[in-house]
Amino acid sequence: MTERTFSIIKPDATRRNLTGKVNAVIEDAGLRIVAQKRIRMSRAQAEKFYEVHKERPFFGELVEFMTSAPVVVQVLEGENAVARYREVMGATNPAQAADGTIRKLYAESVGENSVHGSDSLENAKIEIAQFFTEDEIVG
């Protein structure tokens, strides 16, 4: 089934000018980038986006990191896009990520792991709507 999922190329990757390399891995995996923009995430945006982690000890550090440099927000489309992109991203801990995955190739640590991807179709819809209007998604 053709689906859409949401992706963020995080500050550790944009700082190192890896957007093109990450996009190449995404596209090589058969996913299409149907919307993309480089933004500076505001504190309010980051707090809302990661609200599910609000009570976790790393929440403040996560918000600081996500607002520390530009990010690239994206909508990806393809067959089973949510699961496919999670596979392409690799494990949260880059040391445990499979060879050829984005995190194995580019992540620096568990906290600075280069990319975010939606964990479900339901969350993908919510996350996409936080950053894109339907007019900005060109499939």
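Numbering starts at 1 and runs along the chain as it is shown here.
Positions of Cβ are set from backbone N, Cα and C atoms, glycine also.
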- line: ATP site partner of F58, R86, T92, R103, N113 according to Swiss-Prot, chosen from K10, K21, is K10
Statement: Whole-number Å distance separating the Cα atoms of T92 (ATP binding site) and H116 (active site, pros-phosphohistidine intermediate) is 9
Query: In the structure shown, with every protein chain counted, which of the binding-site residues T92, N113 has the densest set of Cβ atoms within 10 angstroms of its Cβ?
result: N113
Least Cβ-crowded entry, counting other Cβ within 10 Å, from the recorded positions listed as K10, R86, R103, H116: R86
- line: Checking the binding-site residues K10, F58, R86 against H116 (active site, pros-phosphohistidine intermediate) with a 10 Å Cα-Cα cut-off, in sequence order, leaves K10, R86
